[in-house]
Amino acid sequence: MDETQNGRTSLAKGAKDIAKEAKRQTAKNVSKAVDRASDEYSTRRSYNRFQNEDEEDNNYNTYDQRDGHYADNAGNDEDEASSDATEGHDDEDEIYEGEYQGVPAHSDGKHRDGQVALGQPVSDSLKSRKELENERQADEEELAQQYELIMQECGHGRFQWQLFFVLGLALMSDGVEVFVVGFVLPSAETDMCVPNSGAGWLGSIVYLGMMFGAFFWGGLSDKLGRKQCLLISMSVNGFFAFLSSFVQGYSMFLVCRMVSGFGIGGAVPIVFSYFAEVLAREKRGEHLSWLCMFWMIGGIYASAMAWAIIPHYGWSFSMGSAYQFHSWRVFVVVCALPCVSAVVALTFMPESPRFFLEVGKHDEAWMVLKHIHDTNMRARGEPERVFTVNRIKIPKQLDELVEMQNESANPVLKVLFKIKTELRGIWLTFMKCFNYPVRDNTIKLAVVWFTLSFGYYGLSVWFPDVIKHLQADEYASRVKLHNSEHIEDFTFNFTLENQIHRNGVFLNDRFISMKFKAVTFIDSSFINCYFEDVSSVGSFFKNCTFVDSFFYNTDIDDAKLTNSRVINSSFHHNKTGCQMTFDDDYSAYWVYFVNFLGTLAVLPGNIVSALLMDKIGRLSMLGGSMVLSGISCFFLWFGTSESMMIFMLCLYNGLSISAWNSLDVVTAELYPTDRRGTGFGFCNAMCKLAAVLGNLIFGSLVGITKAIPILMASTVLVGGGLVGLRLPDTRANVLM
């Protein structure tokens, strides 16, 4: 009986042990199955569309390395069919959730136990910096070839033309900014009573702002993106350009225009980098040249607005004598409109997909490329065509050592730290522009940009003063001289213009509601005279004597009384500030019209350069245009009349525009994407530095001699053209 009981107990115990072992084995198998299923699901959810074609062909029979068995993937046909079913286009071309979710997760090359698997690549942490850079270089070369094929599949159509006009507005704003300087310079300096010693600083300070802006925004666009930096820079330009029209002091006006120039400085390097990155190779030279036409349109716009607005003195208003808003300020406001339009339009455009790929943002790049493809296909009437790109090469992302900021730090310190970090990144990228193999190209490009800009801006920005100087000589030749005149009990209520009165005596005379325009009184006496509501422009009283005279609401002050004596005379309600008038001043109209013609003269050169850019080559056009423009500039030396000077200016502008267009194209194509904005910004900064030097040098000599500045411009243009011929031809290059 006891033995039977013991047997049953042993049997029950054995059964329990067997059940526990079976349960343990079952749990183990289930865990393995779950892990295997999870791995397989993760592999197949890594978006089969981005796998290589060879991998897609082998999906039906893959080898499972964990247990050494082949796993048949035929059961996945239903899943793949389901994914394909979601792929396509609806009416609004939305991206379905099942169509694209993200890029495949990259394996780190290690098993779960931390052992390096046989045949797996070595971890990046075990490689030197040089090896990582070589791998990134190889990846960039592969991406450049693939990206060219992608852009060919996307085609050239509606999207490129939309971006063309949006970026054209930004480039137009840059052209407007350049011409605004020359047009408002005489009026602003007269309105703000700027002495001759301060004249010319307005043009120089704007170009200094543009110089720093080109370098800063161009470098920042390689870090933050083309669209974002262009939006910020154009917003800065628009705000401060608008603000500058209301400030009254010359120093504040200079500050506003300098910051405005700092903002617009980013337009040229970012615009050409941005547009070049959405163009296929066979379209790039031609359409970048067409884009340059907007700079010409900006010049025409500024010239036309100056011609229509500035000479109309009646468009101004005042609030007492302290606040004056003259017509040239209205012109400044109108010139800010293209910038505002560019900012609004740019908000609707996407970021450059090439930039996204360069910084490792595969998802965003694919989305933008699909948008480009579908926009162009819909415009062609082929909305059913599917974007077939599955997987895009991403360059290896190299880690950079960045100093971390304490989260609890002061917000101001955080902002300063962020600025410091970005500036350091810009500087490091800039130094890469002097690494092999782009170092020689950077130096040559800087020389060409400097020489071309020195000749162009040196002659063009100060050309209004050249015209005025010629007109002043002619005006002075028609001056009327009055010697030893004696006028008594006479009322002057009309305008006296272009006259010189010597040793005159004015007794009991009345000067009421009249204007002195370019009138000089020398060694004259005014006895018991009455002056009321008198305006004087370019008029002075030298070594004169005022006895028992009364002045009411006039602008005659100490600045216009040179070495004069005032005896028993009084001044009441004098006008403050410098008085401006454009009445019967046809010279102002003439200057703006001449600039309009000079800007319009570049239209044939723009058309020719766009049509021939890909046929005769960038370098031939660059060198030939600079040499020919240098020769035409040299012949300005022999210009003895206004008509001859105007004709030679138009010829010079028409010849030099081809050099500008080809230089923009070559610069955008020579630099790789990771430093394209920085390199272009540096070259454009050299351009503005040359503009500052040309502005100061040519301006200081314009009233003395024209031989030296013209000969200097001719020499540097020819020399720069010869250097440009030494640059590598980029006509057949893909964007690196």
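Each Cβ is built from the backbone N, Cα and C atoms, and glycine gets one as well.
What you are looking at is a predicted structure, and each value in this text was computed from that prediction instead of being measured.
Taken verbatim from TrEMBL:
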REGION    1-90  region 'Disordered'
COMPBIAS  14-24  compositional bias 'Basic and acidic residues'
COMPBIAS  33-43  compositional bias 'Basic and acidic residues'
REGION    102-139  region 'Disordered'
COMPBIAS  126-137  compositional bias 'Basic and acidic residues'
TRANSMEM  163-186  transmembrane segment
DOMAIN    163-731  domain 'Major facilitator superfamily (MFS) profile'
TRANSMEM  198-217  transmembrane segment
TRANSMEM  229-246  transmembrane segment
TRANSMEM  252-276  transmembrane segment
TRANSMEM  288-310  transmembrane segment
TRANSMEM  330-349  transmembrane segment
TRANSMEM  445-463  transmembrane segment
TRANSMEM  589-612  transmembrane segment
TRANSMEM  619-638  transmembrane segment
TRANSMEM  644-666  transmembrane segment
TRANSMEM  678-701  transmembrane segment
TRANSMEM  707-727  transmembrane segment
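Among 288-310, 619-638, 678-701, 707-727, 678-701 has the largest number of CB pairs under 8 A with the transmembrane segment (252-276).
Of the recorded ranges 229-246, 288-310, 644-666, 678-701, 707-727, the transmembrane segment (445-463) has the largest number of C-beta contacts under 8 angstroms with 678-701. Note: the stretches the transmembrane segment (707-727) and the transmembrane segment (644-666) are in contact (3+ CB pairs below 8 A, sequence gap of 6 or more). Summed and averaged per residue, pLDDT over the domain 'Major facilitator superfamily (MFS) profile' (163-731) gives 83. Counting Cβ pairs under 8 Å that are 6 or more residues apart, the transmembrane segment (589-612) and the transmembrane segment (678-701) reach fewer than 3 and are not in contact. Only residues 6 or more beyond the boundaries of the transmembrane segment (678-701), in the same chain, are considered here, and those with a CB under 8 A from a CB of the stretch are 200, 203-204, 207-208, 210-212, 214-219, 221-222, 265-266, 268-269, 272-273, 426, 429-430, 432-433, 438, 442, 445-446, 449-455, 457-459, 461-462, 465, 667-668, 670-671, 708-709, 712-713.
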